[in-house]
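Down below is the structure, laid out as structure tokens.
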Amino acid sequence: MISPAPLRSTSFRVQLLFSAVLFTLIQLSKQDCVWYGVCNTNAFQHSQNCPYNGTAIEMPQAGLDLLKERCGFLLQNNENKYCCDTEQVKILNKNVKLAGNFLDRCPSCMENLVRHICEFTCSPKQSEFMHVAATEKNKTGGSYISAVDLHVSTDYINKTYKSCSQVSVPQTGQLAFDLMCGSYPASRCNPTKWFNFMGDATSPYVPFQITYIQHEPKSNSKEFKPLGPPTIPCNQAVSSELPACSCSDCEKSCPQGPPEPPPPEPFKIFGLDAYLVIMAAVFFVGVLVFLMGSFLFTQGSSLDENFQIDGNDVTDDMAYRDDSYFEKLGARTETFLEQFFTKWGTFFASNPWMTLVAGACLVVVLGYGVSHINITTDPVKLWASPNSKSRLEREFFDTKFEPFYRLEQIIIKAVDLPQIVHNTSNGPITFGPVFDREFLTNVLYLQEGIKKLNANGTTLKDICFAPLSEDGNALEDSNCVVQSIWGYFQDDIERLDDEEEDGGFNVTYLDALFQCTSNPYLCLAPYGGPVDPAIALGGFLRAGDQLTGNTKYELANALILTFLVKNHHNRTDLHRALEWEKMFVEFMTNYTSHNKSKHMDIAFTSERSIEDELNRESQSDVLTILVSYLIMFMYIAISLGHVKEFKRVFIDSKITLGIGGVIIVLASVVSSVGLFGYIGVPATLIIVEVIPFLVLAVGVDNIFILVQTHQRDQRKPNETLEQQIGRILGRVGPSMLLTSLSESFCFFLGGLSDMPAVRAFALYAGVALIIDFLLQITCFVSLFTLDTKRKEENRMDICCFVKGKKSDSIANSEGLLYKFFKSVYVPFLMKKIVRVGVMVIFFAWLCFSIAIAPKIDIGLDQELAMPEDSFVLHYFQSLNENLNIGPPVYFVLKGDLSYTNSSVQNLVCAGRYCNDDSVLTQIYLASRHSNQTYIARPASSWLDDYFDWSSTQSCCKFNPSNGSFCPHQDTSCTNCNISKNSIQRPDEKSFDKYLPFFLKDNPDDSCAKAGHAAYGSAVRYANGKKGLNVEASYFMGYHTILKTSADYFLALESARKISANITQMLQGRLMSNGVPIESALTVEVFPYSVFYVFYEQYLTMWSDTLQSMGISVLSIFVVTFVLMGFDVHSALVVVITITMIVVNLGGLMYYWNISLNAVSLVNLVMAVGISVEFCSHLVHSFSTSKSVSQIDRAADSLSKMGSSIFSGITLTKFAGILVLAFAKSQIFQVFYFRMYLGIVVIGAAHGLIFLPVLLSYIGAPVSNARLRYHSQAAAADHETALAGIL
């Protein structure tokens, strides 16, 4: 029998042979590749691949070397066969560089993205995840691929997107996805949209359509194996050579800071405002103690309901008690002053003409200095101290980098136009009314008309800011930066007519606008840069909202045209710009009046407009001020007279004397201004507007007291008129000296203020008050003597050459007002129940004012500074309504830093290898908490962009003939050979050599990081012996939207805190790295923005105010203490009353919406000065009264002084103040009318109501030495000379 084994063996061999043949046939028919080689170039000069259905082809060594640049992972396992040729690899590297411009700063992001690009370009297994969707024929009839389908895993797309989603673009402070996600900003981008954009053939960067077909992780596809390369999270290093992404590009890489503190809770007790609760408790306790003291523990002879002024003098027993040292010293001081002023008055009354001529000559000589005065109108010089931090920083910035460019801006709001609903393939989109075709056309005509303005040969192109122009080349209109949405259409009106069809929907200019506002980098303006929709559009945000990635710009109801003009630190270089701006304002004024559409509301301004309007404002209110002063003059001239009968009206009147007194007041102001004109202290408009008012308040009171004292006085036997006037001056002179010196010292100490406007006001006012006092006790005394002689000779007032009839009436020394005070008002006020009520009411007023004063708003609304009819006021109002972006903020880094050192670079930069607490990282972290830091965007970084620019060899070029800089677009130039260090940055020599090239190179698609546009003026360097030295540079960010004064100064405060932390870090790290201490301490970071210099004062406004008030009140206390005969009681009473007046004025400020700022601070200092007039005369009269009890003395002083205070200050000022309510200037209405009215009303209430009552309780005790002096006086002196009659 034959064995079957051989048969089985033969069968097996046959099967094996058959399998081998079948495998060979399958291999020969396998299609690993879908393309190979390039066989077409489209209109965008993009290469398109040839279809290929074969296996991978071996790559030559040159191609392998090119693959190593970006696709090194494909070379693993010694693979050398690919579905691409060398030319395709070159194209791959070139295209990847475009993305690398923005994403290379984050290695893991770039690594993740490039993996799939390398795979679908060259993978030897292309057919597993990609197939050709469409082909077309080229000019030679050959086929090329026009579309492919790429199957990719969802997991890969999501992780790659996540690793790249936070990569920033230092130049713009935005995210890379703002530029790399098509029409979608970063906030509305997602993985699908991003990859779809990268495959969209309609983009000028995509050579053919790539349709990404996503596969979920658990999905099973029989035809394709989705591409799913491994990914690396952004916070992990790619390799030992490539670190993780930095904090500014990857949130997971950021250091974990402390949690955000909760917003501060309002200070409350039992759910109520704490200040009110505390002051209510103080009030109830104080009132309880006071009432117990008044009714339970006191018995008074003069406290009954039938109180009358009895004028009881002191007894001999009281007069001859032992005197203390200070009583004796005070009596001697008072006696000396009275004797001195008596002799003084007698001398000048005896030589009136000589005195008047000498006084006039002195005034003329001093007044001539007015011709030398320099009036300051520059707001910076007015409100910012020359030594203030913001002023010094502004000076540094302007000197090093040139000032912030000048803004010429127009806000055009749509009126009575409906919104536009535009139907698209993605659904209806609602557009704001400003996108109406006719409205847009009118705006373009206006814009082009402004470009053509010619001011004596100067046009916009001669002065405009053009960052992308070549230095030294002549500019064209298209080079000028104009932020207008017409930039999206290249200022071409025909673009409005462009229409296409998309799925049955019309694609119009509205679709283009929507796309451009979503991503302005897709629609560059004629000048070569983007138009930021937040700047070019307005009214699309609701109140309180900030810009976000989801902001709907298309809802705008205002268009904003912004023309940027170059600024210069040297003002003489601004002549052409100022002339053009003047023409611009005239053009816009005419346009808004005659040419604008009825559907437009136009607001506009120029850089010079604010200062021009402030000057116009001061001139426009001159008439109001003059009318105010004229009314006060008329009142003074009329009320000084003491007319007894009608037929003697023109004899008893004192119009000439009143006018003379007013002229003396004005002469003192002119002399003060002239004196400082000689010295060289610049004046301000506040001085012209406020000081005459102040000096009138002081001077007029003294005039009333002097004149009315004489009207009541009886001449002694054998006493000449000159001796009588001397004796009267001896009595009132010490009181006049007290008030004048108190106020002058108050203002001189106020001159210690750092604020120029406050300092100038205080110095001018102090000198004016001293000159006024000197002229009053010399020239006015002489003029008063001549007027009294005229009256005694029965000559007419004014027409003194006409003589009237002698009066037969009996002289009556008590006028109606004097009688009212003495017989009605004083007895009523001195009743016990009334006095108690007054103390309780005024204490309640004080407590309430203290509780609400801390709530006074700080700042000055810029709208208030403009006249009501000003076009700038309309602009401010429109800006506040439509403002949608915050001002730029520059973080300036100065000092001795060696930027060529990698460790120093790491202290500053924000990209790879940079420190976690570097300068730019800290600013970035601050921008993440914009609600607290007021930093809206991360700062731009010239250093990071320089690193990126230098890493692209084709971006740096030089002229081979002389080695000078060449633009990278110049093909005749040679690529730079930039030597790199171990972390792929320029080494020390290359850093110095090529930094100027970077700062001169203009950006474009191929070299997006070129620095001329963004950083041309941001880096200041000098070439020294040791190489290039960067002296200073800045990093620009943006504040959040700032609208109120609090927003502005809190933004400044926050920026300074950030800068202080950065400075501390830099100095500490430098010293720890071995840098000498003195060198390290020169390094500093400070923030700068154009508004800082105006708002810095508000950071310390409360402390400055309290300091000024404290110094003023202290000076008044010292002067009062000395001149009142070292009477501490009287000095304290004066200080208490003045303090209450100022505090209650603060309460009025809160309720009348008067904010605390430099203007109101000047008024508060003035209020302290005027308050002296309401207090000191009365207190001086009280201290010299010969009555027995405190109540009697208070009543005596009020009956004698009340009428003078009321008629000399209150009525005089009240008449003039009312006129200020009609001023055109809002600043006059708020800060002058309201505050002046408050000063007069509150001062009069305290001086005539509260102070007498306070004196009745805690007035100074009777001075024995003074009593002895009075007891030895003549009987004729028994009646005091310090009473006023009307």
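Going from the start of the chain as shown, residues are counted 1 onward.
Even glycines carry a Cβ here, placed using N, Cα and C.
Feature list (source: TrEMBL):
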type: DOMAIN; residues: 621-786; note: domain 'SSD'
type: SIGNAL; residues: 1-31; note: signal peptide
type: TRANSMEM; residues: 274-297; note: transmembrane segment
type: TRANSMEM; residues: 622-643; note: transmembrane segment
type: TRANSMEM; residues: 655-679; note: transmembrane segment
type: TRANSMEM; residues: 685-707; note: transmembrane segment
type: TRANSMEM; residues: 728-750; note: transmembrane segment
type: TRANSMEM; residues: 762-786; note: transmembrane segment
type: TRANSMEM; residues: 833-853; note: transmembrane segment
type: TRANSMEM; residues: 1106-1124; note: transmembrane segment
type: TRANSMEM; residues: 1131-1152; note: transmembrane segment
type: TRANSMEM; residues: 1158-1180; note: transmembrane segment
type: TRANSMEM; residues: 1201-1223; note: transmembrane segment
type: TRANSMEM; residues: 1235-1258; note: transmembrane segment
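With a threshold of 8 Å between CB atoms, the same-chain residues lying at least 6 positions outside the transmembrane segment (1131-1152) that come near it are 842, 845-846, 848-850, 852-853, 855-856, 1109, 1113, 1116-1118, 1120-1121, 1124, 1160, 1164, 1167-1168, 1171-1172, 1174-1176, 1179, 1234-1235, 1238-1239, 1242-1243, 1246-1247, 1250-1251, 1254-1255, 1258-1260. Long-range contacts of the transmembrane segment (762-786) within the same chain: residues 341, 344-345, 348-349, 351-353, 355-356, 359, 363, 366, 657, 660-661, 664-665, 667-669, 671-673, 675-676, 681, 683, 687, 690-691, 694-695, 698-699, 702-703, 706-707, 710, 721-722, 725, 729, 733, 736-737, 740-741, 743-751, 753, 1165-1166, 1169, each at least 6 residues beyond the stretch ends and with a Cβ under 8 Å from a Cβ of the stretch. The stretch from 685-707, 833-853, 1106-1124, 1158-1180, 1201-1223 that makes the most Cβ contacts under 8 Å with the transmembrane segment (622-643) is 1201-1223. Tertiary proximity for the transmembrane segment (1158-1180) is limited to same-chain residues at least six positions away from its ends with a CB under 8 Å from its CB atoms, namely 382-383, 686, 690, 694, 697-698, 701, 705, 734-735, 738-739, 742-743, 746-747, 750, 755, 757-758, 761-762, 765, 769, 860, 1097, 1101, 1104-1105, 1108-1109, 1112-1113, 1116, 1120, 1124, 1130, 1133-1134, 1137-1138, 1141-1142, 1145, 1149, 1197-1198, 1201-1202, 1204-1205, 1209, 1227, 1231-1232, 1235-1236, 1239-1240, 1243-1244, 1246-1248, 1251-1252, 1255, 1282.
Remote same-chain partners of the transmembrane segment (833-853), defined as residues 6 or more beyond its termini with a Cβ less than 8 Å from a stretch Cβ, comprise 273, 275-276, 278-280, 282-283, 286-287, 290-291, 294-295, 305, 1140, 1143-1144, 1146-1151, 1246, 1249-1250, 1253-1254, 1256-1257.
Sequence-distant contacts of the transmembrane segment (685-707) (same chain, six or more residues past either end, CB-CB distance under 8 Å): 375, 377, 614, 618, 621, 625, 628-629, 632, 636, 639-640, 654, 657-658, 661-662, 664-666, 668-669, 672-673, 728-729, 732, 735-736, 739-740, 743, 757, 760-761, 764-765, 768-769, 772-773, 776, 780-781, 784, 1159, 1162-1163, 1166, 1169-1170, 1173, 1177, 1204-1205, 1207-1209, 1212-1213, 1216, 1232, 1236, 1282, 1284.
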